[in-house]
Each structure stands twice: as structure tokens, then as C-alpha cells.
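S.K.: This is the structure, below, for whatever I ask next.
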Amino acid sequence: MDLLNTTFLSIGLAIDAFAVSLSSGFIIKHIKFNKALKIALFFGIFQGVMPLIGWLTGLTFRDALANFDHWIAFILLAAIGGKMIYEACQDEEENKKFNPLDNYTLFALAIATSIDALAAGLGLSVLRVSILLACTLIASITFSLSFIGVFIGHKFGSIFNQKLEILGGITLIGIGTKILVEGLIIH
């Protein structure tokens, strides 16, 4: 696999993290550099490490993991998205809002959006590719798109000033559904 194809793979893998970063930016009231950096680091690191884990796992466990990876991603994203929608429909005083900066939430989102990167790593294990270059490129592109996505999402959240948390929840459920459908079609 050449550098151009690895770059396209990296962009494709980063799209889910970018979409979640947009949703996070909608929700964050007072955006600061360090908040966007935290989100981007979570997504960038997970997207960069998961292909390495997949590559190391190799063909031995590929079939076993492939049978349920899409379900894991769907359940995590649907649960988080559903929670966002539920909380957006509650009174702010009665309900602590969904916090995309919470470490546990970011961990779950990073895992859910990087399942496809794990699968990509499994695929890369059968190709002649520099896994370190691929992981570095995937992490860098995901980090960059996620960082920018937080600010873009925040800008649109400020302009519309509506319950965009619902849109964020729908986005997460949509991403989870896409991953599930793709996984079911492939298997």
C-alpha cells in the first residue's frame, strides 16, 4: 500500500471521529484550546493505536473479532447518542448536561469510533505496509480533523443556539447504525 492510499485510508477512518468532534463542539459552551486538544488527543491516539493492535492480532483472531466488532461500536454509540437526546429534552436545572469532555465519555467515544481502525489494522497485517507509518498518519489526520471539528461544531452551535445536542445524539446513533449495517452486510 503506497502513501496516497494510506492517506485516503486515514481520512476515511478519521471521518467518524470528526463527526463526533463536531457534535462535541455543538455542546461545549465555552470553547478553549485545551478542550479541543483533549478531544483531538483522545481520538487521535485511539485511532493511531487501534490499527497497531489489529495488525499485531493479525489473522489469528480476525474472524472471531469480525463477528461482533460492529455490534460493540453500535451499542456504545447508540447508548451515548440516546443519552444525549434524553438529556437535551430535560430541563437544564433537573439534568446535568451530556459532557463530551468527561474522560469516561471520551474513552467510550474513542473506542467506538476506532473499532473500524482496529479492523483496518487486521487488514493491513496481510499487506506489505509500514504499520508505524500507517498508524502515525491515521493518528495525525484524526487528531487534526477532530481538533478542527470541535471549533467548527462550536461555531455552528453558537450561531443556531438551539438544542443541537439532539442533533449530536442523532449523529452518534447514525454513525453506530452505519457501522452496524456495514458489519452485517460484510458478514
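Just so it is clear, glycine is given a Cβ too, placed from its N, Cα and C backbone atoms.
According to Swiss-Prot, the protein carries these features:
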- 8-28: transmembrane segment (TRANSMEM)
- 39-59: transmembrane segment (TRANSMEM)
- 65-85: transmembrane segment (TRANSMEM)
- 106-126: transmembrane segment (TRANSMEM)
- 131-151: transmembrane segment (TRANSMEM)
- 166-186: transmembrane segment (TRANSMEM)
S.K.: Can at least 3 Cβ pairs under 8 A be found between the transmembrane segment (166-186) and the transmembrane segment (39-59), with each pair 6 or more apart in sequence?
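M.R.: Answer no, regions not in contact.
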S.K.: Same chain, outside the transmembrane segment (39-59) by at least 6, Cβ under 8 Å from its Cβ: which residues?
M.R.: 13-14, 17, 20-21, 24, 65, 100-101, 106-107, 109-111, 113-115, 117-126, 131, 134-136, 138-140, 142-144, 146-147, 150
S.K.: Checking distant contacts: for the transmembrane segment (106-126), what same-chain residues at least six beyond its ends satisfy Cβ-Cβ under 8 A?
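M.R.: Those are 1, 9, 13, 16-17, 20, 38-39, 42-43, 45-47, 49-59, 62, 65-66, 69-70, 72-73, 76-77, 80, 100, 134, 138, 172, 175-176, 179, in sequence order.
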S.K.: Can you name the far-off residues of the same chain, 6+ from the ends of the transmembrane segment (8-28), with a Cβ under 8 Å from a Cβ of it?
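M.R.: Distant contacts of the transmembrane segment (8-28): 1, 35-36, 39-40, 43-44, 47, 51, 84, 97-101, 109-110, 113-114, 116-117, 120, 134, 137-138, 140-142, 145-157, 164-165, 167-169, 171-172, 175, 179.
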